[in-house]
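According to TrEMBL, the active site, phosphoserine intermediate annotation covers Ser47. Residues or ranges marked as Mg(2+) binding site by TrEMBL: Ser47, Asp262, Asp264, Asp266. For Glu355, Ala356, Asn357, Arg481, Ala482, Ser483, Gly484, Thr485, Arg490, the entry in TrEMBL reads substrate binding site. The annotation domain 'Alpha-D-phosphohexomutase alpha/beta/alpha' is assigned in TrEMBL to 38-77. Per TrEMBL, the feature domain 'Phosphoacetylglucosamine mutase AMG1' maps to 167-269, 283-420. Annotation comment: TrEMBL describes 436-509 as domain 'Alpha-D-phosphohexomutase C-terminal'.
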Amino acid sequence: MKYIYGTAGFRADASLLYAAIIGSTAAAALRSMELEGKTVGVIITASHNPVSDNGVKIIDADGGMLSMAWEEKCTNLANVSSKSELDILIKEYLVPSTCQASVVIGMDTRPSSPRLSELSKVILDELSASYKDYGFVTTPQLHWIVRLINQNSTYSIPSNPPPLVLYYDSLCNAYINIFSSFTVHHRPTLTVDCANGVGSLPLKELSKRLRDCIDLRLTNNDHLASKYLNKDCGADYVKTTQSPPVNLLDKMVPNQLYASIDGDADRIIFYFVDKNKKFHLLDGDRISILLVSFLKILVQKSRLPLSIGVIQTAYANGSSTAYLKKLGIPIICTSTGVKHLHHAAKNFDIGVYFEANGHGTVLFSQGCLHKLHNPSTEQSNTETAAIDALLQLSQLINQAIGDALSDMLAVLSVLGSLLWDATGWLSMYDDLPNKLVKVKVADRSVFVTTDAERRLVKPVGLQEKIDNLVASYEDSRSFVRASGTEDAVRVYAEAKTPKSAAELSAKVCGLLQ
């Protein structure tokens with residue numbers, strides 16, 4: 001098969017992944033040597049994919065995603081047809097360096113992960129690389145570890161690797177400090193669906209450490225029951241079906257908050273049922289709005305000159321965008337894909353981004369942290385409290401990548417500070433009814449977009465027809481973008497009423513026939 005390294009790295013049926021593991025591991029070692037021995041990560045996971053699948057992804061030295069220049073090299077290394085061809089490519093990509101490669105490895109709890117991890121270590125041994133195997137970890141935990149190693153000269157691989165306990169210390173200490181500042185020390189209850197994945201392990205640890213602050217109740221938390229991984233549960237299931245995990249049907253307590261993470265714990269979705277048992281989803285858009293609204297309050301109270309903004313994609317609900325505009329918060333719309341959102345978030349002192357699927361984070365720039373640690377004038381009690389809250393949130397929220405666990409604690413921090421429950425969060429704005437449909441086409445490459453994938457350039461004339469349809473419905477919009485993985489396009493439509501959204505969607509789909 002032909003491997004292509006994308007946003008999620010390589011993913012395939014686990015039995016077809018050996019060449020991808022070899023190529024990715026070689027790429028990680030070469031990237032480390034190019035960066036003069038900085039540590040790079042290799043995480044073996046397939047997130048919300050079926051348990052028979054697996055994948056591999058490289059974590060760059062800043063703790064973020066692999067640089068785009070190396071995506072192509074990684075693809076080439078994974079697609080060689082022989083050992084000799086691999087050796088030739090390794091020599092071609094090898095930058096003269098006296099530094100030994102430094103790599104950390106982690107994996108999720110899929111049954112295929114241990115043998116793929118062992119293969120990765122064989123390749124690292126052949127390349128004389130230094131490495132540390134962290135075993136079962138969430139994807140965001142390994143991102144966090146890579147970032148920590150390269151920011152702190154205290155740590156090195158393999159002689160002095162940072163223990164994973166530091167991750168828990170960072171999250172728990174920050175949350176406890178925020179909790180202690182609550183005007184009312186209410187201990188919230190949160191039931192978390194762990195998708196029977198690797199996230200079960202750290203959530204059990206957080207549950208123990210934070211038992212005085214949070215009543216964390218875990219379900220679908222058997223990481224050893226691999227056949228149930230993501231089965232009728234998990235963030236992707238909840239978002240896609242707009243319903244709770246099957247095992248929670250008819251068991252949910254009205255107006256009590258619930259959450260689902262995905263298989264590798266890099267995304268989270270919240271939800272609840274009201275007194276009439278109606279299901280309400282609190283997705284990535286709503287997480288973003290909740291966090292940025294609170295952060296804006298803190299920035300205003302701090303009286304520090306800090307810019308704050310939100311990054312969205314075309315899939316963000318129009319009501320969330322309107323709410324942000326009403327608050328006067330700058331918005332940048334980017335193409336879909338975490339790398340685009342993460343990069344754009346760096347335009348602000350505090351940049352917030354979440355995809356609708358619940359993957360996202362809040363980035364605090366180095367300039368922002370400097371101002372928070374070194375205010376230029378003497379602060380009032382209110383200003384000091386706001387600055388301290390911002391500092392605690394910067395410690396709590398994973399600065400490397402979207403992290404379901406740190407995002408969970410950030411949401412609970414904000415709700416506790418505002419004395420809100422799930423209904424208060426939902427009441428911030430009303431979602432516009434929307435519909436997302438996949439339409440199979442003969443050749444997806446003929447659909448070319450512009451304006452952050454919101455408008456079509458080709459086929460010529462199609463966008464004008466879409467505009468005419470949109471003009472006939474109130475508070476409506478629609479866009480068409482090609483799938484990144486198959487010959488299909490995705491049609492998004494939203495309007496003031498469900499009937500209008502469905503009609504608009506059907507008519508736009510009709511234009512594609």
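Every residue gets a Cβ built from N, Cα and C, even glycine.
Structure coloured by features recorded in TrEMBL.
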residue	record	Cβ contacts under 8 Å, 6 or more apart
Ser47	active site, phosphoserine intermediate	Ala8, Gly55, Thr139, Asp262, Gly263, Asp264, Asp266
Glu355	substrate binding site	Arg267, Gly284, Thr313, Tyr315, Thr336, Val338, Leu341
Asn357	substrate binding site	Ala235, Asp236, Lys239, Arg267, Ile269, Asp283, Gly284
Ala482	substrate binding site	Arg444, Ser445, Phe447, Thr449, Ala488, Val489, Arg490
Gly484	substrate binding site	Gly6
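Within the same chain, residues 3-14, 17, 20-32, 86, 89-90, 93, 101-108, 110-113, 116-117, 120, 137, 139, 142-150, 157, 195, 198, 226-227, 229-231, 234-237, 262-264, 266, 338-339, 342, 399-401 sit at least 6 positions outside the domain 'Alpha-D-phosphohexomutase alpha/beta/alpha' (38-77) and bring their C-beta atoms closer than 8 Å to a C-beta of that stretch. Excluding Ser47, Asp262, Asp264, Asp266, which define the Mg(2+) site, the same chain contributes Thr45, His48, Thr138, Thr139, Gly197, Gly199, Ala235, Ile261, Gly263, Ala265, Arg267, His359, Ala404 within 8 Å (Cβ to the Cβ centroid), listed in sequence order. A strand conformation is recorded for Arg490 (substrate binding site) in the three-state DSSP classification. Around the Cβ of Asp266 (Mg(2+) binding site), the number of neighbouring Cβ atoms within 10 Å comes to 30.
Following the DSSP three-state reduction, the secondary structure of Ala482 (substrate binding site) is strand. Residue counts for the domain 'Phosphoacetylglucosamine mutase AMG1' (167-269) under DSSP, split into helix (H, G, I), strand (E, B) and coil, are 37 helix, 16 strand, 50 coil. All protein chains shown were included, and the count of other CB atoms within 10 Å of the CB of Asp264 (Mg(2+) binding site) stands at 31. DSSP assigns Ser47 (active site, phosphoserine intermediate) to coil in the three-state reduction, outside any helix or strand.
Comparing the binding-site residues Asp262, Arg490 on other C-beta atoms within 10 angstroms of each C-beta gives the minimum for Arg490.
In terms of DSSP helix, strand and coil, the domain 'Alpha-D-phosphohexomutase C-terminal' (436-509) has 24 helix, 25 strand, 25 coil.
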